[in-house]
Ligand SMILES: NC(=O)c1ccc[n+]([C@@H]2O[C@H](COP(=O)([O-])OP(=O)(O)OC[C@H]3O[C@@H](n4cnc5c(N)ncnc54)[C@H](OP(=O)(O)O)[C@@H]3O)[C@@H](O)[C@H]2O)c1
């Protein structure tokens, strides 16, 4: 029996990077996968085909997680296509880094809307179904930066710290209905998002990590399988650092 056999998962932002890794590992563990993307239609179609070939049901939806109405419509569409929702992974996120001195109001608002408000939008949208099922696992993709802060990322760190407060509040609110909510705080995971960074800086980061390497999307995806599955049935309101020991 696979760990996520027959469960329906919504994963936001899975056309590439960590979200794509989660979608692949979830499908291999037997989950049916509804995933979203913002604009990468071709990669999303490719992923949908790849996942369906694994013998589960998978479908990609273009949906802006920052838009309340679109999040509602997405969940309605997923319910029509898949019948229910057991797992929500709020993974979609962006960076717009700058020192505070140079950070525009627009870049602050955009990061908060896409990274944090999206979590409110999506959690609201799945809540009714999970309450009805008296079961659910919600996983919010925060960051070590949300735990520790980072110069040049005040907007991003604020959004990721906000996700942790939201996670703990939802764990408290919905625990009595057997709905669990946890956050993952990845450290340095090598994806397109991090490929934009300066190679010298990246080398320094790898050396400073106790496990001496950047993480992979699979490292994060495996932690998601645990938190989504019944293996973690008594775990809620937690932040799991997946960071090679970076914050230790
Ligand atoms: N990489 C790291 O080191 C690291 C560390 C800590 C935390 N994280 C967090 O992990 C998550 C994934 O990061 P990543 O590195 O995999 O990022 P990525 O490679 O840049 O991928 C971001 C994904 O989010 C989607 N997306 C962007 N805006 C969206 C929106 N408004 N609505 C729906 N989907 C949207 C993108 O879709 P399109 O392809 O269509 O644009 C893409 O699928 C993020 O929340 C990030 O903050 C990453």
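In case you wondered, yes, glycine gets a Cβ from its N, Cα and C as well.
TrEMBL entries are annotated by machine, without manual review.
Annotated domain 'Ketoreductase' per TrEMBL: 7-178, in sequence order.
Taken from TrEMBL, the feature NADP(+) binding site covers 13, 14, 15, 16, 91, 156, 157, 158, 159, 160, 189. Look at residue 91 (NADP(+) binding site): DSSP puts it in coil. Note: residue 91 (NADP(+) binding site) has non-local neighbours 11, 12, 13, 14, 18, 19, 22, 141, i.e. same-chain residues 6+ apart with C-beta under 8 A of its own C-beta.
Annotation source TrEMBL lists active site, proton acceptor at 156. Sequence-distant neighbours of residue 156 (active site, proton acceptor) (same chain, 6+ apart, CB under 8 A from its CB) are 95, 96, 97, 111, 115, 143, 145, 150.
All protein chains shown were included, and the count of other CB atoms within 10 Å of the CB of residue 15 (NADP(+) binding site) stands at 24. Under 6 Å, Cβ to nearest atom of ligand 1: this is the test, and of the recorded positions 156, 157, 159 it is passed by none.
Around the Cβ of residue 189 (NADP(+) binding site), the same chain contributes 17, 18, 214, 215, 216, 217, 219, 220, 242, each under 8 angstroms and 6 or more positions distant in sequence.
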